[in-house]
């Protein structure tokens, strides 16, 4: 292990995880029984004379082959995981040497992403411990809403008091909502500090009230009377047919650092509102398109060499985060091809047992440490600091954009308010600007997938760029997570659709990626991209053994009295689960959270993944059109209460619940039937143990579903319609399987 003290003057260090060798040894050991199981299946297919047995064996060979392949690709994460540590105190004290930073914040719907939440994110970013004249915040409003612009204008005035307050008292929680929520019994050493605290809090509450009142009204008119302010919103009323999907480019410079000062007389950061031009006839490429517009608009105004992208619900939790990123970008010994410093996505408001696996620890931390030991983590869509240059070609081949004023090498020497700058900014924000250009393919954030973050990071690494993972003790950002199962499954379905776009494109990581990057890194990207195919083995293992248990004539698993095969299955099952549990616990989580994570993984595999596969096929055949659905950030008080009590939230009659309901019913039916058969002597327990174990394991995982169907009376219970439909389909599945097998 590399041991370096901060006093040595280094900006960062890295060290391998201690269990790396254990992972490698276990991988080799575990591979042996996988090969034995594959041999067993193939041998049975070749030698069996019973057609039913042969058919069942082929089905399980498909299921086990997929699980084995996904396990093999997953080992790439465990080959060389590392941890990094940064020492921002060793950065130069001359802030004039710090590069300028442009921050991009994206929002799309003021009713699903409340403006007061956007405001808190923006204020937390504006309050960074960073030279303010070098800091610019650009907000992309894909909803084209005057409500969002009004909220940002209110925030700009409040920021003139909030920023100096944070600086003077060295506040860590620089999202006002988070700060005032957590603040209790706070004592200030300075005279008059408590009074200032009360004053700032009153100012924030008044701002919050004004913003929420305007959102409730749906318009600023009738609420705002200042003629000068109303002129700012004239475009909404002077443009016929202005809608979120059909409107001209709207750019409003809310604050320019050169002319705006806070109450202490210090300069303020730049704050710019951008709503790109939209036409129903022109593809807008979702979030990637919005980010590319911000990339171009910011290039006309500030053109900072560093760019931070941020979701509107992910507020800053550490004011020194940009300095931590600089520990990599300013290190002369760092790889010159470094393009991205990625911080993890950490979520607040998760209940103590994390029943929805909202922390996504395996995906967002554990696996990322493994990729960091190879070529670096993927771009996660938020919390990523980019070198602007890296978005314009490869490390050895720069793609000059047109016009040259948006090149990362262009130097800005005019005011943001100048007519020339504003005209160019509106031009590059137009929806036809990218026609017949390389934007979205070789330049900027990449198109072609709903998971634009994954796609962009992957494609940049194929071009030769590198990334690092910065995971400080204090989370750099905190965001909101879904608090209903429907939102969790719908979000996973959207991700899966985007991953399928990549896997069925020419940029498939397993065919294209392996030619341009470390094969292990390509396996990591391939593992993520192939997530949806996990639905196939999960559907098989959650239904076929159980249906066979209901029909005594169809035993399809080895008996407990057959020790070789029985212990082979036991080792494969326990080995996989034990390693997964060990990873969770050693990374600071709990066994209960691990249990809930594997439960939700099963739910995703039975619901989100197959729905994504079906919808993707229908879309390819032109029978369906999938759009980008923004996950709602609006909190319902009753839902929040149930979430805090670790109670699953169903509530809505969604087809996403049907597959998991059907699986729950079949497993319970099979388990009870198996118990009955053993008690009555119709079955020998050892003969059906494996099938009963699988059914019982399914019942244990589905317990929240049974509660929601039969025991609960609150609004979060399973809708009766879904229960009836699922019961009928479970019965139908049994009839079909009985006739087929």
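For all residues, glycine too, the Cβ spot is worked out from N, Cα and C.
Checking TrEMBL for transmembrane segment across the ranges 2-20, 21-39 points to 21-39. TrEMBL assigns the feature transmembrane segment to one of the listed ranges (59-77, 78-96), namely 59-77.
Taking a C-beta cut-off of under 8 Å and a sequence gap of six or more, residue 142 (UDP-alpha-D-glucose binding site) has these contacts in its own chain: 106, 107, 108, 109, 244, 275, 276, 278, 284, 287, 290. Taking pairs at least six residues apart, the transmembrane segment (718-736) and the transmembrane segment (59-77) share fewer than three Cβ pairs below 8 Å and do not count as touching.
Scored by C-beta pairs under 8 angstroms, the transmembrane segment (21-39) has its highest count with 564-587, from the stretches 525-544, 564-587, 656-672, 684-706. Ranking the binding-site residues 112, 287 by how many other Cβ atoms lie within 10 angstroms of each Cβ puts 112 at the bottom. Largest Cα-to-Cα span within the UDP-alpha-D-glucose-binding set 112, 113, 142: 12 Å. Less than 8 angstroms from the CB of residue 311 (Mn(2+) binding site) sit 105, 106, 121, 381, 382, 479, each of them six or more residues away in the same chain. Beyond the ends of the transmembrane segment (564-587), by six or more residues, the same chain brings 19, 26, 30, 33-34, 36-37, 40, 71, 361-362, 365-366, 557-558, 593-594, 597-598, 690 to within a C-beta distance below 8 angstroms of the stretch.
Distant neighbours of the transmembrane segment (525-544): 56, 59-60, 62-64, 66-67, 69-70, 73-74, 76-77, 363, 378, 454, 458, 495-496, 499-500, 502-503, 508-510, 513, 556, 602, 605-606, 609-610, 612-613, 616, 659, 663, 666-667, 694, 698, 733, 737; these residues of the same chain sit at least 6 beyond its ends, with a Cβ under 8 Å from one of its Cβ atoms.
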